[in-house]
Amino acid sequence: MISSLNPLFTTHRSGVIAQQFFASSAAASINSVSSLKIAACSKTKLVDQSPLRQSGNHQLLSSDFNHLQSLKNDYAEEKYKSRCEVLKEQVKMMLDQEMDVVNQLELIDDLQRLGLSYHFGDEITSVLSGIYNRKSMNKMRNQWGLYATCLEFRLLRQHGFDVSQEIFDCFKDEKGDFRPSLCEDSKGMLYLYEASYLESENEESNLEMARRFAAKTLKKNLDEKRVDQDLVALVQHALELPLHWRMMRLEARWFIDIYEERSNRNPILLELAKLDFNIVQAAHQNDLTYTLRWWRSTCLAEKLTFARDMMVENFFWTVGIISDPQRGNGRRILTKVVALITAIDDIYDCYGTLDELEVFTTAVERWDVNSIDQLPDCMKICFLALYNFVNEMAYDALKEQGVNIIPYLRKSWADLCKAYLQEAKWFFSGEVPTLQQYLNNAWISISAPAFLVHAYFCVDYPINKDHLQYLDNYHKIIRCSAMILRLTNDLGTSPESEVLNVGDVPKSIRCYMKETGACEEKAREHLRFLITEAWKQMEEAQTLDSPFSSTFNGIAVNLARMGLCMYQHGDGHGHQNSEPRDRILSLLFEPICCLA
């Protein structure tokens, strides 16, 4: 439970959260899994009866195994990698050369948005450290104006530097309000809006005030057509969802097209961005074919006919969370984790009786293959697939690092299954919990803690034994990431019909409405407020409190971003409309045209 989110019904100003954020959620397709359950199953015994089983009505991206196995990407060839290395050296020279501070910041910002910054981590840190430690910066800021100040603030905070929000006080009048004359500077307003999302918990409301002011101004300037044409797409994009909340790999694909149209584009950066995108895509395709072969070898798709067979979608999650090409092994392991989570989720959602689910949960808690004898064969196979996967992962860790990680992996799966079981009990009893009761369980049932525990052992090498207690207790950064993922999921998968169907598994919107008597829109507004508060907590957790590496912290943040990516336009995981499909195709299967 995230104790700091306890005051769930406190009167609040929701502020301005991205103008189109989940605007279409009410029209999204509901996750039909829960509506397929039959309450009569709650009384079904394991023997002497054959309960009626339901199959999920899932609308998924086609995963033609033979076609996907035959994928061939020319950008895996050495000649493209060699050209990429030449371009990287030229960019390093740019970062090393003397230039105006604002130009340095703009170069770093472009590298990040083009998806190239992972190549230049040391160089970027060196440049930003120099800017941060320069004693003359306060005098320079007075000459910069709003745009450059906001850019500096955002980049420094993104990279963990302690920058006070008082940096914006020089743009306020004697009453403490932002000066009205700033409204004429749409570029400055855009960058103020983006910077305002780098807000930490327990800060004064300066950044919230900045966000409201900037959003209102940008929307007004758009309506009155007072935004420069080369900024219109960027402003609309930001108001839909802020940069800091976006899935960065998808953002890179979008920004490459925007950057190409800029009059001041750097041809070296543009060529490198396109080439690197395609090379990384080739690496991702290689990882995808590996995980597809693994999935076929488990036979889970054939044995669990009611479950979602969606390895492409599962892999898309891991690409959004850990996209660097050198992290292929971690991507493969985590795709397996997502696949197993999806299969087990469907067992609890649309297959198992309550008695069977209790047996399955106990077996996972005890980590005991002898506990599954009474279960249907498909549930036995699923348990053994999980059992073998976890034990194999733990074997590799023990062999290579001398650390037994089974207790931590087991606990994460046991906690997940217990949370699934609690939801099943609520369904079978027809009970609608309070919002706090729901969230205390739901941040675990969204599966983020289990995913992040496995992610830690994939990316932090060698394993730091001092970190394990924080992992076992689900450190704040894990809980915040999980809460954001849960709330975005609920916003994206809870249309009006879900609220009205008494038999469905309750979600946060329905819980809030029942407890407070609020209308659906007020409930959604409250969830958006909770998402913003969780982001503030996560900002503070990763900069001040987290014992983990920056790599792991980044994965936790990226998992939250994936929630916004997948559920922004409805249920992008279980019921895809054209938007999620197009995103998957553009990232995994469609290279960018690179002219020779």
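Yeah, the Cβs are placed from backbone N, Cα and C, and that goes for glycine too.
Fair warning: this is a prediction, and the values are worked out from it, not measured in the lab.
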Among R308, R510, R524 - the residue Swiss-Prot places in the same (2E)-geranyl diphosphate site as D345, D349, R486, N489: R308
Among R308, R486, the one of these binding-site residues whose Cβ has the fewest neighbouring Cβ atoms within 10 Å: R308
Model confidence over the motif 'DDXXD motif' (345-349), averaged pLDDT: 95
Chain residues in Cβ proximity to the motif 'DDXXD motif' (345-349) (below 8 Å; excluding those fewer than six residues from its ends, i.e. six or more beyond): 33-34, 37, 56, 304, 306-308, 357, 360, 378-379, 382, 417, 420-421, 423-424, 447, 505
Inter-residue Cα distance where the pair is D349 ((2E)-geranyl diphosphate binding site) and T493 (Mg(2+) 3 binding site), in Å: 14
Other CB atoms, at most 10 A from the CB of D345 ((2E)-geranyl diphosphate binding site): 21
Residues of the motif 'DDXXD motif' (345-349) by DSSP state, where helix covers H, G and I: 5 helix, 0 strand, 0 coil
Three-class DSSP secondary structure - R486 ((2E)-geranyl diphosphate binding site): helix
